Each structure stands twice: as C-alpha cells, then as structure tokens.
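These come from TrEMBL:
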- 57-77: transmembrane segment (TRANSMEM)
- 97-118: transmembrane segment (TRANSMEM)
- 117-404: domain 'FAE' (DOMAIN)
- CYS261: active site (ACT_SITE)
- HIS340: active site (ACT_SITE)
- 443-523: domain 'Beta-ketoacyl-[acyl-carrier-protein] synthase III C-terminal' (DOMAIN)
- HIS444: active site (ACT_SITE)
- HIS448: active site (ACT_SITE)
- HIS477: active site (ACT_SITE)
- ASN481: active site (ACT_SITE)
Amino acid sequence: MAPTNEHDLLSTEIVNRGIESSGPDAGSMTFSVRVRRRLPDFVQSVNLKYVKLGYHYLINHAIYLATVPVLVLVFGAEIGSLSREELWRKLWDSTAGYDLVTILAFFGVFVFTLSVYFMSRQRSIYLIDFACFKPADDLKVTKEEFIEMARKSGKFDEASLEFQKKILQSSGIGDETYVPKAIMSPDNITTMKEGRAEASMVIFGALDELFKKTKIRPKDVGVLVVNCSIFNPTPSLSAMIINHYKMRGNILSFNLGGMGCSAGIISIDLARDMLQANPNNVAVVVSTEMVGYNWYPGKDRSMLIPNCYIRMGCSAVLLSNRGRDYRRAKYRLEHIVRTHKGADDRYFRSVYQEEDEQRFKGLRISKDLVEIGGDALKTNITTLGPLVLPLSEQILFFATLVKRYLSGSKEKGKSATIATEQKVAPSASGNKPYIPDYKLAFEHFCVHAASKTVVNELQRNLGLSDANVEPSRATLHRFGNTSSSSIWYELAYLEAKGRVKRGDRVWQLSFGSGFKCNSAVWKSVSNIKKPSSDNPWLDCLDRYPHEALS
C-alpha cells in the first residue's frame, strides 16, 4: 500500500497565550501554533487481512442461516406441488414398509440431534440493567480549583502546574468532575489504606444501586468479574466485594488488573464465556479505576497527563443467560471484537507504568499514543465491519478495497518513482477505498471518552455527526475520563435523553494500554423506560449537549 504523506498525519492549532507581561511585546496578545500528530486516516490505510478476518467470523456463524432457508424453500416447493390426498398416500406408503423398531430408532436419532443442537448452541446473553456511581458533591472540583489544590499540596513546581493548566484548558473536561480529596494532601496518599477506602466508596456505591434497581440478591450472583488497572491489593477487589455482600461460596470470581481503559469490554467478554459454560446464571461486571492510587506527584510531563484526565467513576453491570430474564432485559449482546497490538514493543510501551528519575511511580504516556491508538482502532473496526454492516455497504467497501490493492500492486514501482520526483504522496491520486458508513450499522455510539482530541479524530475518520459523538463529549465534560467505566456513563446519557428504542443497536468502543482496542455491540430488546432517580445525568441533563459541545 502506498505510504501516506507525512504532512497528512499532522494537525495544527492556534493557541491564545494571553497578554505578554514583559519584553518588547508587553501588553499585546500573543499566539502560538501547536503541531501534533493526528489519528491515521482509516480511508488510506485499511489492511485487507483484517477485512478477511471479519468475513471469516461472519461465515463461521452465518453458514447455517444461509443454507436453512434454501432447504426450506426446496422442501416447500416439493410439498406444495402435492394435494392433501397425494401427500397422505406418499407418507403412508413410505412408512408402511417399516416396522415399529425402525420408526422408533428414526425418532430417537431425530430427538438426539435436536438435543445436541440446543445444548451446544450459544446462549443469548442479556443485559438486565447497569449502574454508574456518582460521587458526593464535596468531591467536585473545577479546573481552577484543581490547579489551586495541586499548588497547595506542595508537590508540584510552577512549571508542572502551568503544564497541567494548559492540558486542562484544551482537554474538553468541565468544572464538575470528581477527585478524592486525599490526592491534594501533603502526605503520601498512594497507600493501601487510601486505595481501599476509595475502592470501597465507588464500588459499593455502584453495586448498591445495581442490586436496588434489579432486585437481585448478592447471593444469587454466580459470576463476578472486576477490573481495575492500577490498584490491585491482596485480597483482591473481587474478594472485597464477596466479603462485603456475603456472596455464596461457589461463586466464580475474577479480578483483572493492568489492562487499562479497555478492560470494561474484556470483562464483559470473560463474563459472557462464563455464562456460556454455566447455564441458568447471572453475572456482575464491575469496571473502575482508583484515581488517588494512580496519582503522580513528580515533574515528568509525559507522566503528568493522566493526572489531568483520569477522574473518579465506577460502573456495575448485571448480565444473565436465563431465558426468563428476556422480558425485563434492556439489551442483548450481539458481538465482541478484541484487538491486541502488544507484540510490538512500540505499542506495548505506549502507556507504561514506571518510576521517574525521582523514583515517583506513574503512567508514562508516549508521544506517539494517538498514532498507535489509531492503528489499533483501524484494525478493530475493519474486523468488526463484516459482522455489522449492511450487505450494500460491504459490497461497495470490499470492491473498492480490492481495486485499490490490485492497482497498487501493478503500479507500485511507478507510483513510488513519481512520488519521489514530485514530492507528493502516492495517495494523492484519489484512488482510495470506499469507507463504510457505520451510521447504517448503529443507531448509537459510545466511544471511550479519552480526550477531546481523540474524540474529534474518531469523528473525522468515521464520518460521524456531532450527535453521534455527543455522549462521549458530554461524558468527558461532566465526569472526565473515568477509564474503563466511561462507556457506561455514555450509555446512561443516551438513556437519560430517552433516545434508545427497541431494536436500536449500540456500539461501545474502548482502547487502552497494551495496546488494546475492543468493541461490543448491543441490541436493545425493549423500549428503555424513563430513567430512575439514580441516573447520574438527571441533575444536569438540561445543560447538554450545548455546554459539552462548546
């Protein structure tokens, strides 16, 4: 595939630096131009092998659906040509020659085949309900308060404070996000005691709401999956939940650590597998991150970035494989597609926990993270496409993709020579594949609210409207980056707005350290009723989307 022009991967932004206080330009407005790498253009860099992988998944699951209608059609045409008397005579003549043992054996094989089919097929996984934790108002901070509290903690010099202030101003985060008060304390707050206290507050808060909404007793839960990337004590957070709610002794519990912001969908995938192997069961999935335990008090700028984005949050989701729960379920799980790029060292170290020169622990964010994330996203959505896109979109996409590859292989040498001599990108010829319209596959989008830049770039690459990314921007503005739970705050936003109707499809897309990118597709099986008073958006819903999109 022809390489992309380096200039196409850069974006520029004019930044108002305010009034110059000294020097020859004192008293005048000053501006600077910020240049950063943007997400790769998915249109120019689609990898054919991931398209083939998506079609492989599709064929494996759809071959029976393609053959059964043909068999029914042929059988129906044959039966339809016979009258009732002829049909009865044929059945009687063909069976009269068989004895009772043969007939019983035939029905035995038939019943056995049906039993094997129904026992081996995948069970439907239903989402009964979910809850998102909303911290107390005394933990709410504005951007100005955040910087002032950081200054009073005595842990940061003026250069570090100014850097964090600039990041916050362009982050897309509003003035109502939540942080634990302990992070601004002069004392060391990355202790197990502080970590457990924060974990108990957010996790039990979300679970109490979930059990109240669903009327499920904690002892009825058969599978428990908890994910928290940074804080992983012993006993585990899953054990802490079991102890607090006195859950049953044979519960299947799992605790996922170090898997970043994409761990929420990984946990759903694990819970699905457990429910497939254990019929007549319910599972609870808890997704969270401990802000205080992840706090970085040093001067390394690449490690200060998570301080500015990560905020308190937690989600708890109830899943079921019981057929009787269909009537009260909100969604049915349709697809999960997971992508892992960890085999490449560059991807593996893009989000890396380590100590700085002062031996302060923190998350180091690579300057190439946007580009790395874009490549993982491209792989994931290319694999997902054949599973969810309408046939018309798949034909257009696949035909133009093949045409591009064939023309590229024929003119590879010629294009490279022209590009070298004229100093232009080979992709400028206009021979680019048709990018599918994912708005035809989904009614709603829940894209991980990592940062304003990432959301904007995803909107541009996927051709989404402002309304499509409104839940992501609103969540980033109101709650900040709540890590693996952010996609559930976005779904809660859609429900609070009353936008989810029966039959609607929801795409949850998350990405995180490793580097990983994961997608989950849900289909609404009921009209979502007016949200309860526990919905975290009800007190501020009338201010969105206008404030979030400003």
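Cβ atoms here come from the backbone N, Cα and C positions, even for glycine.
Summed and averaged per residue, pLDDT over the domain 'Beta-ketoacyl-[acyl-carrier-protein] synthase III C-terminal' (443-523) gives 93. If you take the CA of HIS448 (active site) and look 10 A around it, the active-site residues you hit from CYS261, HIS340, HIS477 are CYS261. Between the active-site residues HIS340, HIS444, HIS448, HIS477, HIS448 has the most other Cβ atoms inside 10 Å of its own Cβ, all protein chains included. Using CA atoms as reference points, the active-site residues HIS340, HIS477, ASN481 were checked against CYS261 (active site), and the closest is ASN481. Least packed by the Cβ count within 10 Å, out of the active-site residues CYS261, ASN481, is ASN481. Taking the Cα atom of each, HIS477 (active site) and HIS444 (active site) are about 19 angstrom apart. Between the CA atoms of HIS340 (active site) and HIS444 (active site) there is a gap of 25 Å, rounded to the nearest whole number.
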